[in-house]
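Chemist: Here's a structure for you.
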Amino acid sequence: MKPLKTHGTHILSTGSAVPSLCINNDMLSNIIDTSDQWISTRTGIKERRILANHQSIIDLATEASFEALNKGFLDAQELDLILFATSTPNDLFGSASQVQTIIGAYKAAAFDITAACSGFVIALAIAHQFIQTGVYANVLVIGADTLSQWVDWSDRTTCILFGDGAGAAILQKSQDNDILTFELNTNGQESHQLSIAYKSNQKLDTSKQVNVAPKNKSQYQYLTMNGKEVYKFAVSSVPASIVKCLQKTELEVEAITWLLLHQANQRILETVAHKLKISNNRILSNIQFYGNTSAASIPIALNEAFNTGHICNGDIIAISGFGAGLTWGTILVKWNIIQ
Ligand code: COA
């Protein structure tokens with residue numbers, strides 16, 4: 001039997017895309033009973049990008065993917081796998097295959113991963129496994145969501161938080177390993193705290209073994225959230241997850257150069273940093289411009305921080321996702337992009 005050989009995972013490049021339509025807090029206060037002051041002090045959000053009618057999540061995902069491919073000097077035909085982390089696909093059967101066709105990645109297997117705001121971190125961990133085992137050499141990981149299409153725009157407790165966007169990263173088989181460790185968690189008992197529930201109107205008459213045509217089409221409900229519980233969950237579980245990763249790698253918290261958390265709320269980012277005794281100037285945050293873009297928030301922030309020269313080679317980044325499920329997890333990355 002051949003000895004099992006493991007490979008390193010290198011982050012080759014990143015990309016991101018957001019819609020051009022920008023809705024600021026003052027504009028929102030014209031349609032719901034809220035104010036810029038309330039939203040900014042409670043969340044740090046000043047504006048968010050919203051998909052226009054003629055656009056789809058696929059437009060954003062492909063734009064982010066093309067940026068990552070161009071920056072990595074990689075032809076789409078060299079991709080072996082596309083992982084599309086999204087909870088808002090434009091096809092319930094999955095949207096990854098549409099991205100595969102548009103970018104021309106004809107040799108790549110492609111499928112969706114549904115894990116809301118933890119989706120990108122989970123997809124990175126999956127990509128890393130495929131590369132480590134030598135199954136695939138080039139994996140495109142996309143995180144994209146368009147929750148503006150799923151929130152109730154008359155519910156001021158949720159609609160002010162979310163925006164649309166996409167981000168991407170290409171992971172490549174390498175001798176060096178940029179992914180130091182990861183850990184993932186789920187607590188399904190609390191899934192009701194944040195969900196987009198499905199309501200079935202189908203009625204199956206089992207005596208006749210025929211499907212009685214429903215009067216109303218079955219459909220998903222609006223996004224619902226217990227903000228306070230989700231807040232408490234985030235500020236307790238995320239620091240613990242980062243500490244677990246530090247213990248696994250025998251690193252001290254001082255080794256973390258950047259804290260890159262899912263961009264849900266500036267107060268969550270700062271509370272997590274405070275609990276870990278990490279200063280606020282080591283938090284990567286762009287929440288004021290985009291709000292919570294779910295699976296897209298981490299790759300957008302990562303791409304922007306790299307493009308603006310914040311992240312440098314040798315930096316250690318603690319990347320944590322958290323959200324619906326409830327799911328959460330952390331990946332420790334040592335940045336090593338060759339420009
Ligand atoms: N504008 C103005 N007032 C608002 C408002 C809005 N958009 N939304 C709620 N309020 C009001 C409430 O009605 C309440 O009024 P009351 O005191 O008269 O009853 C008051 O503001 C306080 O509401 P509360 O829900 O207690 O606020 P909060 O301090 O918990 O902040 C969140 C609300 C949503 C910002 C906060 O709970 C949060 O960020 N939670 C985490 C959410 C999250 O990140 N989810 C995604 C994770 S992936």
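One is the number of the first residue shown, and numbering goes on along the chain from there.
Heads up, the Cβ atoms here are built off N, Cα and C, so glycines get one too.
Since this is a predicted model, take the numbers as computed values, not measurements.
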Chemist: Looking at 38-42, 213-217, 248-252, 263-267, which one is region 'ACP-binding' according to TrEMBL?
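Modeler: Among 38-42, 213-217, 248-252, 263-267, the range TrEMBL annotates as region 'ACP-binding' is 263-267.
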Chemist: Between C117 (active site) and N292 (active site), find the distance joining the two CA atoms and give it rounded to the nearest Å.
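Modeler: For C117 (active site) versus N292 (active site), the Cα atoms are 9 Å apart.
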Chemist: Quick check on the domain 'Beta-ketoacyl-[acyl-carrier-protein] synthase III N-terminal' (111-188): DSSP residue counts for helix, strand, coil, in that order please.
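Modeler: Across the domain 'Beta-ketoacyl-[acyl-carrier-protein] synthase III N-terminal' (111-188), DSSP assigns the residues as follows: 21 helix, 32 strand, 25 coil.
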Chemist: Using DSSP, what's the helix, strand and coil tally for the domain 'Beta-ketoacyl-[acyl-carrier-protein] synthase III C-terminal' (246-335)?
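Modeler: Split by secondary structure, the domain 'Beta-ketoacyl-[acyl-carrier-protein] synthase III C-terminal' (246-335) comes out as 39 helix, 22 strand, 29 coil.
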Chemist: Looking only at H262, N292, which of these active-site residues has the biggest number of Cβ atoms within 10 Å around its Cβ?
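Modeler: Its Cβ has the most other Cβ atoms within 10 Å: H262.
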